[in-house]
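A.B. asks: Relevant sequence annotations retrieved from Swiss-Prot are reproduced here:
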type	residues	note
ACT_SITE	C132	active site, acyl-thioester intermediate
BINDING	T17, G18, N19, I20, S164, V165, G166, P167, A168, S169, R170, A171, N172, N275	NAD(+) binding site
Amino acid sequence: MSTQTHPAPLRTAIVGTGNIGTDLLLKVEASPLLTCVLFAGRRAESPGIELARGRGVATSTGGIDAVVDAADDIDLVFDATSARDAVRHWAVIKPLGLPFIDLTPANQGKFCVPALNLEDCLDEQYLSMVTCGGQAAVPMARCITQIAGHVDYLEIVSASASASVGPASRANLDEYVHTTEQATAEFCSTARTKTVLIINPADPGIVMRNSIAVSTTERIDIDALRDSVTAMEKEIHSYVPGYRIVVPPVATGDCYLLTVEVEGLGDYFPRSAGNLDIITCAAVAAAEARSGLRR
């Protein structure tokens, strides 16, 4: 009788113990391919630190310095802090050669949207996960631009529940817009893009919604477009279970519009917080691919 052995999970460190970092921790711990060996922040009273300790995960208030000290026991670093901090953290991690998956909108290197370019990202040390709105909307925008061939203008409007948008995310709004627009231009080959972020204070919180609109003088085969976005929905749903199209592509004159919704798994925040899930699930997918086991 042969005994099949399974490689040990990839040992990860998470820097940032806020909303995104804590949701990421729960998803990493749920993955058979990953484990969190260090959850590092700066505030001892952080609810994320308390949750991690309760789950038996090693924690530190030493931030990136704690990661450097434990580097020999870490295979990959996730950054869930802020754009400004991520720039400094990458400067420290880069010489160590550790893979670095950045969930902030710092945008210091290769964009990674798993549904679009995961295979191209496997050998990159640094990966930018763009933004939550970018992960949700850019793949659908690309479907439109690929079929149209040329668009004159592309706009993405993302709406998220206020309670799920933490202090670091609020401090990064300019970077969020800039990075989402850069990723849209890169993946969709369009020069005129606009990103709008709406933080909705409604209680109970709204489910994350993303609307994509394009203006083009090209005639688009609407049936072909619907087939394309349905295939893309299925691809994204494979790693973000709550992702779905709620308004299929419609045409009004030279404008084409569709809307997607992202419902979270409810791991840390209520299920309405799909803006957390879309980027943490994408980051986990990228890390799992790095383990060599997803392939």
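Any Cβ shown, glycine's included, is placed from N, Cα and C.
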A.B. asks: Mind giving me a neighbour count for R170 (NAD(+) binding site)? Other Cβ atoms within 10 Å of its Cβ, every protein chain shown.
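C.D. replies: Neighbour count, Cβ to Cβ under the 10 Å cut-off: 12.
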A.B. asks: Greatest CA-CA distance (Å) over the residues T17, G18, N19, I20, S164, V165, G166, P167, A168, S169, R170, A171, N172, N275 that the record ties to NAD(+)?
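C.D. replies: Result: 17 Å between the two most distant Cα atoms.
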A.B. asks: Which ones in the same chain are close to S164 (NAD(+) binding site), with CB under 8 Å and 6+ residues apart in sequence?
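C.D. replies: Looking at Cβ-Cβ distances below 8 Å from S164 (NAD(+) binding site), excluding near sequence neighbours, one finds N19, G205, F269, S272, A273, N275, L276.
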A.B. asks: Out of N19, N172, which has the highest number of nearby Cβ atoms, where nearby means within 10 Å of its Cβ, if these are the binding-site residues?
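C.D. replies: Highest number of other Cβ atoms within 10 Å: N19.
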A.B. asks: Can you tell me how far the Cα of T17 (NAD(+) binding site) sits from the Cα of C132 (active site, acyl-thioester intermediate), in Å?
C.D. replies: 17
A.B. asks: Under a criterion of Cβ-Cβ distance under 8 Å and sequence separation of at least 6, what residues of the same chain contact A168 (NAD(+) binding site)?
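C.D. replies: Residues satisfying the criterion: G16, G18, I20, T81, S82, T104.
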A.B. asks: What does DSSP say about R170 (NAD(+) binding site): helix, strand or coil?
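C.D. replies: Its secondary structure by DSSP: helix.
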